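Asks: From TrEMBL, for reference:
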type	residues	note
DOMAIN	37-435	domain 'Ammonium transporter AmtB-like'
REGION	467-486	region 'Disordered'
TRANSMEM	35-59	transmembrane segment
TRANSMEM	66-86	transmembrane segment
TRANSMEM	124-144	transmembrane segment
TRANSMEM	156-177	transmembrane segment
TRANSMEM	189-208	transmembrane segment
TRANSMEM	228-244	transmembrane segment
TRANSMEM	256-277	transmembrane segment
TRANSMEM	286-306	transmembrane segment
TRANSMEM	312-331	transmembrane segment
TRANSMEM	343-366	transmembrane segment
TRANSMEM	393-411	transmembrane segment
Amino acid sequence: MSAPVVPEYDPASPYGGDPLEVDVNLQYTGLEFHYIFLSFCAFIVWLIIPGIGLLYGGLARRKSSLALLFQSLLVVAVTTFQWMFWGYSLAYSRTASSFIGDLTNFGLMKVGVAPSPGSPLQPEIIFCLYQLLFCACTVQIVIGGSFERGRILPSLIFAFLWATIVYCPIACWTWNANGWLYNLPSLDYAGGGPVHQASGWSALAYAVALGKRKHAGEKSHAKPHNTTLVFLGTVLIYFGWFGFNGGSTLNGTLRSLMAAFNTNTAACFGILGWVLVDYIKTKGKFSVVGACEGAIAGLVGITPAAGYVSVWLAALIGFLTAVICALCQDLNKWIRIDEGMDVFKLHGIGGIVGSFLTGIFAQTWVSHLDGATDASGAIDGNGIQVAKQLAEIAAIAAYSFSVSFILLMILKYIPGLHLRVSEEAEMIGLDLDQFVDEQIGDWALFEQHALESVQGSHGHGAAGVLSGLSSGNQSVHRTVEEAKGE
């Protein structure tokens with residue numbers, strides 16, 4: 001039995017044919033399982049989006065956690081618009097430069113069922129959706145830098161602009177066939193650079209631009225309010241990552257299966273690594289949040305390497321990434337920032353570790369499981385690959401931090417925009433300040449928590465805040481002002 005013919009892209013028919021005149025499905029006859037597989041991967045990648053929202057919501061204090069859940073949906077909505085408007089074209093247009101795409105596919109022009117620029121086995125429309133979800137997840141990770149003090153509307157404006165001038169160029173460098181990192185080549189299977197390093201360094205810029213949170217001596221400061229939400233968010237992220245890494249081969253070959261196995265392996269050994277560090281540091285105690293962070297660190301570390309390494313090397317990468325990230329537990333104190341979601345620690349540092357180790361451990365036999373790719377690292381005698389990985393790390397770190405910081409400074413000084421909430425809003429919580437009569441949990445507990453927060457900052461004269469809480473945001477603001485006056 002002869003193998004199915006792989007379809008070829010025809011520039012004269014960029015949409016893949018007129019379905020009123022020809023059967024556009026025929027070009028994929030015998031190859032349907034490839035795009036069915038990628039479709040499934042795309043659908044489970046979507047679960048990472050609410051997963052990040054739940055994770056962030058659990059890590060935040062309860063009075064500001066709803067804002068993070070809300071933004072998990074708003075960010076994917078804004079990013080979808082950006083991607084359809086010009087994001088996809090800036091990242092993946094076939095006529096891109098070495099640094100950024102052009103507007104050939106502006107408004108998804110010429111994006112249909114023709115073979116995609118990523119793989120001829122994938123219709124461009126599903127490739128476009130899959131890459132959209134990568135962008136949405138990355139932008140949402142960055143928003144973690146606004147932790148408990150960033151206003152929602154400016155963060156959504158920042159999300160659109162950041163996706164345009166940071167994510168899309170870096171994705172073009174890394175994954176577009178014309179990109180300079182693609183042709184160097186640096187090895188980045190599923191996003192160690194565009195997703196993790198870029199989001200980590202950009203979240204650091206966000207935290208620096210906003211400054212530290214106000215600390216009035218609350219015991220809840222810098223402590224997760226709900227470990228269950230953290231656990232549930234991590235589970236969704238973990239599950240979605242099988243699609244994130246498993247689908248990045250862009251085909252249904254054995255390399256995809258190896259990448260999926262490596263994903264679970266690295267996450268599990270990441271858990272073991274982080275829990276071990278916690279156990280030693282606390283002299284025999286455990287942490288559920290630590291185990292969740294270990295899983296994410298392992299997933300971050302294996303992302304650039306999943307389709308390049310064998311299973312035991314994946315275990316080593318996951319373990320080392322988690323141990324290094326766990327040892328950076330006091331990073332905020334060392335560099336004097338307030339990046340409470342650990343985005344820089346997990347994604348920035350974890351992404352660097354993963355990309356560096358990819359250059360060391362990439363194996364040709366693993367990459368060739370798809371029947372076409374030959375990529376090797378130092379372990380296979382290609383020592384220069386380590387230097388190429390370092391070039392990727394330096395370029396992405398410098399570009400993402402500097403451009404993000406400049407963008408935030410511009411937004412910060414636009415009259416009326418205000419990146420950061422007022423001191424009063426921060427004290428009572430983002431949820432009460434920016435939402436209509438909604439919050440997480442029982443209102444009675446929230447009222448008690450708010451009263452204690454105000455009393456801790458301004459003395460016992462703030463008792464009237466309780467009545468304000470039941471009368472809406474304006475009343476809360478009035479009672480806070482009265483408390484400050486007393």
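A Cβ is built for glycine as well, from the same backbone N, Cα and C atoms used for every other residue.
All annotation found in TrEMBL is predicted automatically rather than curated by experts.
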Asks: Would the transmembrane segment (66-86) count as touching the transmembrane segment (189-208), i.e. at least 3 C-beta pairs under 8 angstroms with sequence separation of 6+?
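Replies: Output no: the transmembrane segment (189-208) is apart from the transmembrane segment (66-86).
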Asks: For the transmembrane segment (343-366), which recorded stretch in the set 35-59, 66-86, 312-331 gives the largest number of Cβ pairs separated by under 8 Å?
Replies: 312-331
Asks: In terms of Cβ proximity under 8 Å, which residues at least six beyond the ends of the transmembrane segment (286-306) contact it?
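Replies: Sequence-remote neighbours of the transmembrane segment (286-306) are 55, 59, 187-193, 195-196, 224, 227, 230-231, 233-234, 237-238, 241, 244-245, 248, 258-259, 262-263, 265-275, 277-279, 313-314, 317-322, 325-326, 342, 346-347, 350-351, 353-355, 357-358, 361-362.
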Asks: Would you mind giving the whole-number mean pLDDT across the domain 'Ammonium transporter AmtB-like' (37-435)?
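Replies: Taking every residue of the domain 'Ammonium transporter AmtB-like' (37-435) together, the mean pLDDT is 93.
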Asks: So are the transmembrane segment (156-177) and the transmembrane segment (124-144) touching or not, going by 3+ C-beta pairs under 8 A with a sequence gap of 6 or more?
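Replies: By the criterion, they touch.
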